[in-house]
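Chemist: Below is a structure I'd like to ask you about.
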Amino acid sequence: MGVAVRVIPCLDVAAGRVVKGVNFLNLRDAGDPIELARTYYEQGADEITFLDVKATVDNRDTMYDVVRATAEQVFIPLTVGGGVRSTEDVSRLQASGADKVGVNSAAIARPGLIDEIADRFGAQCVVLSLDVKRSTTVPSGFVVTTHGGRTETTIDALAWAVEAIERGAGELLVNSIDADGMKTGYDLELITAMREISRVPVIASGGAGKLEHFAPAIAAGADAVLAASVFHNGELTVADVKRALAESGVVTR
Amino acid sequence: MSTAQPSVVVLDYGSGNVHSAAKALELAGARVELTADRDRAMNADGLFVPGVGAFSAVAEALAKVGGGALIEKRLIADRPVMGICVGMQVMFEHGVERGNQAPGLGEWPGSVTELDAPVLPHMGWNTVEAPEESRLFAGIHDERFYFVHSYAVQQWQLDPQPPFTPPLVTWAQHGAKFIAAVENGPLTATQFHPEKSGEPGIRLLKNWLQSL
């Protein structure tokens, strides 16, 4: 009983194609985000997240098309992050079929963006996306980074999460830059620290490599687990992950 | 159902992801139009009222297109209306958000109040307890539906005496027990998003379409 833990595949999209390794045998076009989203939907994904990794103005229309085409055949919540800078961006994404938007660097540059989106579309629409790195330069030991972890800010990740929730963020997508791509498991201390300060749902991201990595993230306090490459390159299916979670006593759909 | 393919107007008044709602209803078998035109909305076999965000914002946006009067007029004429999420909440008397009370359409008595739960919004797939006689949940058992909300109606107050048929109320739980769906004559509503609840959601929409 109770709300089920969500398993969320994340698709990094650039110019209408999925970037990062994709190795699916049964797909006609391995890099097609729409087809990949549909496959995950059929495997039991609870939500799909698209990350527009090259969110330039030119690329924007392609992303709207991807969201629209996906929303026509995938009837689960869709989140789109990357390049969301204004309520107009949110409005267009929502009109295309997105349910939630991820905000990251634009909110760091101008935190009021969170209030604006939450006021107009509701807190449930705003996912604060954080790229977090361990660092001794900030009190909590977790610093916010930008540009995919390449640029370190002076912002304490926990303090920023608290502020963003006060401003109206309805969910935290916590991505560990240290764990990302390592496939050695989620950063459990980071998840626990975020859970302690957050009343809104926490999505764990970064580091998933094996089936046994998912349940500990939930035990550490995550409400949802997100992964990208393990799904794209066919190492794990969404169904595998949900089965492993259920075997560990975690409630899944 | 009068025709093979029922017509549904998804009320387009600037709230929420109407694109997905329209596509899900099409998949469920409806001929769908997205509009706020009063005549079209009045004449469709079914009127679908989406709604996300703050209660007061949804109520205001609905008022701008004359949504309240339209819904009232349809219900008096026994023409089906289905409200989703905040589109369900506004059917009640009022919403209480951050201590402020905003008026709803008052089709049902009661208030929409914040859930007492450790994690809010209630975001994700949850179970529901539907009454045996439910037409909306007919053939749908042991399935989860997608919820995303922090506020809900936590008490059902309408208890009509015979000859009126008592409404069918479906419950769910997140911290507290709350109303997940209501079937009350021509007025149907769900707190969860059937258009975002995968196959079970589509089946539920089919059930509604069959009742039109």
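Using the three backbone atoms N, Cα and C, a Cβ is placed for every residue, glycine included.
The annotation domain 'Glutamine amidotransferase' is assigned in TrEMBL to B:9-208. What TrEMBL lists as active site, nucleophile is B:Cys85. Feature annotation from TrEMBL assigns active site to B:His193, B:Glu195.
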Chemist: How long is the line from the C-alpha of B:His193 (active site) to the C-alpha of the residue listed as 'active site, nucleophile', rounded to the nearest angstrom?
Modeler: 7
Chemist: Within 10 Å of the Cβ of B:Cys85 (active site, nucleophile), how many other Cβ atoms can be counted across all chains shown?
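Modeler: Around the Cβ of B:Cys85 (active site, nucleophile), 29 other Cβ atoms lie within 10 Å.
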Chemist: Which ones in the same chain are close to B:Glu195 (active site), with CB under 8 Å and 6+ residues apart in sequence?
Modeler: B:Ser20, B:Ala21, B:Lys23, B:Ala24, B:Leu25, B:Ile84, B:Gly201, B:Leu205
Chemist: Taking 10 A as the limit, how many CB atoms besides its own sit near the CB of B:His193 (active site)?
Modeler: 26
